[in-house]
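Chemist: Quick one: the structure is below, and I'll ask about it shortly.
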Amino acid sequence: MAHPSQLGFQDAASPLMEELLHFHDHALMIVFLISTLVLYIIVAMVTAKFTDKLILDSQEIEIIWTILPAVILILIALPSLRILYLMDEINDPHLTIKAMGHQWYWSYEYTDYQDLGFDSYMIPTQDLTPGQFRLLEADHRMVIPMNSPVRVLISAEDVLHSWAVPALGVKVDAVPGRLNQTTFIVNRPGVYYGQCSEICGANHSFMPIVVEAVPLEHFENWTSSMIEDA
């Protein structure tokens, strides 16, 4: 959960988000080192009163500042490509959920169960109970089992939407007439919040996403109660 004045990312709740955080730190350190080196060179060139002919014309320096950036780009590209392939890899998901974006709410359908689906609307501010978050709480949460691969099929019924949960490292566009998919594993129980991340109309800010990860036994009890109530 994000908090005021937060500078970094939310704590990772999935292995994929942990990989993204590691890559972010890796790339940020490279940027920091490059910025420090460039700043030092600028200050040295401005303040120095002497001139060295080997700096003004040197084949060795030109070779170094051509090869070094290429090496740095490779050091950034290789882990980036690895994460891209990990994000697209879907291996035998234990649960498949279809998320449909509407103006302005989400609907979820558990395709592995018969007649298990519901709409998820934002809880109005006046109906919130103490401890609930404004603009982030939904009347029905998407409940999933922890430590299980979950596949989410994402589409929209009217306009463009985007299904995004930062703590899980997930952000997928919901496009009318097109079915996108993503997968994740939540490695600890908890409630994770997200919002539509694509401008979709007047109430774009009022269609939150709430994912609740629970142990498998609790998930089975929840599915049984939802099917009985349907």
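The backbone N, Cα and C atoms fix where each Cβ goes, and this holds for glycine too.
Any TrEMBL annotation is an automated prediction that lacks curation.
As annotated by TrEMBL, domain 'Cytochrome oxidase subunit II transmembrane region profile' applies to 1-91. Among the features that TrEMBL reports, transmembrane segment is placed at 27-51, 63-85. The feature domain 'Cytochrome oxidase subunit II copper A binding' is assigned by TrEMBL to 92-225.
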Chemist: Based on DSSP, tally up the residues of the domain 'Cytochrome oxidase subunit II transmembrane region profile' (1-91) by helix, strand and coil.
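Modeler: Tallying H, G and I as helix, E and B as strand, the rest coil: 67 helix, 0 strand, 24 coil.
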Chemist: Using Cβ atoms and a strict cutoff of less than 8 Å, what residues sit near the transmembrane segment (27-51) while being 6 or more residues removed from its termini?
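Modeler: Result: 72, 75-76.
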Chemist: Per DSSP, how many helix, strand and coil residues does the domain 'Cytochrome oxidase subunit II copper A binding' (92-225) have?
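Modeler: Across the domain 'Cytochrome oxidase subunit II copper A binding' (92-225), DSSP assigns the residues as follows: 19 helix, 61 strand, 54 coil.
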